[in-house]
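Student: Mind having a look at this structure? Questions to follow.
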Amino acid sequence: RRLADEDDELSEVQPDAVPAEVREWLASTFTRQMATSRRKTDDKPKFRTVAHAIRAGIFVDRMYRRVNTTTLLQFPEDVVKTLKNLDDWSFDIFHLAEATNGQPIKYLAYDLFSRYGLIPKFKIPPATLETFLHRVEEGYCRYRNPYHNNLHAADVTQTTHHMLCQTGLMNWLTDLEIFATILAAIIHDFEHTGTTNNFHVMSGSETALLYNDRAVLENHHISAAFRLLKNEDCNILSRLSREEYREMRSLIIEMVLATDMSSHFQQLKNMRNLLTLNEATVDKPKALSLVLHCCDISHPAKRWNLHHRWTMLLLEEFFRQGDLERELGLPFSPLCDRNNTLVAESQIGFIDFIVDPSMTIMSDMLEHILSTINVSPVEGSSREGDPLPAFPKRHSARRHKILKPWAVWLAENKKIWKEQAIKGKENR
């Protein structure tokens, strides 16, 4: 009953803590009046067998070997060079997009499938994988969105890879669960319209009518992706058993639906409450859902040049929605009025009330999970200067600690936005 409590945590925010416009945006985007029913399961997390644990020891070799030259897709030299930094927290997806001639999903995802050994493990024909990724890339470019496009999908997929590999989370997962996690990240915003769920509901779009105003976009992303997978030339799941397919589909559905921002506070509250219990057992789908959600909103926790660029792209997408709302005679959604938006203040509120708490709870969850399997990271550093762990190693039972490169950038970016907010207020 306590975990199912639907109290809105945003109500705890003091009215004068943020500008009214920013508060309205937070409330309209990250809360909901009616909770969707959640599937309950008695399944316990399935830990790797001894064979899995032994295989984890050779994961380093698998992770860092170059893409097999016998595979169909050939990587241009600039792409290979860029992907050498793929493990970095603040990986520059914009640079990869330039190197790949606007096809970051195709090369990044193919590389990850190769690194994690998914192609031979699940008998995926390279040509089928390439066709699937090409069609996914096309779907993301369909509406020419400034933000919710193939670059965003590739960025979230890379960030998800960082969480799997650099924290040691992959040691807790089966190969099928790793496959599902990466695939969910790839398709999590497939065929995004560049408008919000609320816009679909208020405008009475066909998609809103189809999904009864509930998680409109998220339902479409999943449905459209699985329809694509039914095409023979795109079906990278064709060699899965019936049981594997059902598990894969169930996990992807739960993960992508959890990226609906209106479920944000309830998702965090449930996990926070769970972690306070003695000998808490974390459900794998819930854990992976929180990881994907955090990766989806992680750009404020990246280097300033990346975060600022993403912010401007997202605001342009909001403003285009505002233009449509004006044409349709609808009221402006928060942050969608080109002539009346507090950019710096909105990002400070986003960091304070959404991103920072999310990353903190996710970190606590990962440390709890990984403590149960006695995995500890080996400290290292990235080419960009972020402190990052190398491959995890096992150790004696004690509280597991992960390195958190996002914490530094959240603080730094918030500081910069505060300086800009002061300047903006003086100018106004």
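Placement of Cβ uses the backbone N, Cα and C atoms for every residue, glycine included.
Keep in mind that this is a model prediction, so the values were computed, not measured.
When I checked TrEMBL for this same protein, it listed these features:
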ACT_SITE  HIS148  active site, proton donor
BINDING   HIS148, ASN149, ASN150, LEU151, HIS152, ASP189, ASP296, GLN347  AMP binding site
BINDING   HIS152, HIS188, ASP189, ASP296  Zn(2+) 1 binding site
BINDING   ASP189  Zn(2+) 2 binding site
DOMAIN    71-424  domain 'PDEase'
Student: Across all protein chains in the structure, which of the binding-site residues ASP189, ASP296 has the highest Cβ count within 10 Å?
Tutor: ASP189
Student: Fill in the CA-CA distance, ASP296 (AMP binding site) to HIS188 (Zn(2+) 1 binding site), as an integer in Å.
Tutor: 9
Student: Near the Cβ of ASN149 (AMP binding site), how many other Cβ atoms are there if near means within 10 Å?
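Tutor: Total other Cβ atoms inside 10 Å, all chains included: 24.
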Student: If you count other C-beta atoms within 10 angstroms, which of the binding-site residues HIS152, HIS188 is the most crowded?
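Tutor: Its Cβ has the most other Cβ atoms within 10 Å: HIS188.
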Student: Would you mind reading off the Cα separation of HIS148 (active site, proton donor) from GLN347 (AMP binding site), to the nearest angstrom?
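Tutor: Between the Cα atoms of HIS148 (active site, proton donor) and GLN347 (AMP binding site), the distance comes to 18 Å.
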Student: Count the other Cβ atoms sitting within 10 Å of the Cβ of ASN150 (AMP binding site), across every protein chain shown.
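Tutor: Looking across every protein chain shown, the total is 27.
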Student: Starting from the Cβ centroid of HIS152, HIS188, ASP189, ASP296, which together make up the recorded Zn(2+) 1 site, report each further residue of the same chain whose Cβ lies within 8 Å of that point, ordered by sequence.
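Tutor: Neighbours found: HIS148, ALA153, VAL156, ALA185, HIS192, THR259.
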Student: Quick check for the class: what is the C-alpha distance, in angstrom and rounded, between ASN149 (AMP binding site) and HIS188 (Zn(2+) 1 binding site)?
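Tutor: Distance between the two Cα atoms comes out at 11 Å.
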Student: I'm checking region-level scores; what's the whole-number mean pLDDT for the domain 'PDEase' (71-424)?
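Tutor: Average per-residue pLDDT within the domain 'PDEase' (71-424): 93.
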Student: If you draw a 10 Å sphere around the Cβ of LEU151 (AMP binding site), how many other Cβ atoms fall inside it, taking every protein chain shown into account?
Tutor: 23
Student: Roughly how many Å lie between the Cα atoms of LEU151 (AMP binding site) and HIS188 (Zn(2+) 1 binding site), rounded to a whole value?
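Tutor: Given the Cα positions, LEU151 (AMP binding site) is 12 Å from HIS188 (Zn(2+) 1 binding site).
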Student: Give me the CA-CA distance between HIS152 (AMP binding site) and HIS188 (Zn(2+) 1 binding site), in Å, as a whole number.
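Tutor: Distance (Cα to Cα, whole Å): 10 Å.
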Student: Measure from the CA atom of HIS188 (Zn(2+) 1 binding site) to the CA atom of GLN347 (AMP binding site) and give the result in Å, rounded to a whole number.
Tutor: 23
Student: Please find, for HIS148, ASN149, ASN150, LEU151, HIS152, ASP189, ASP296, GLN347 as listed binding AMP, the greatest distance between any two Cα atoms, in Å.
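Tutor: Across HIS148, ASN149, ASN150, LEU151, HIS152, ASP189, ASP296, GLN347, the widest Cα separation comes out at 23 Å.
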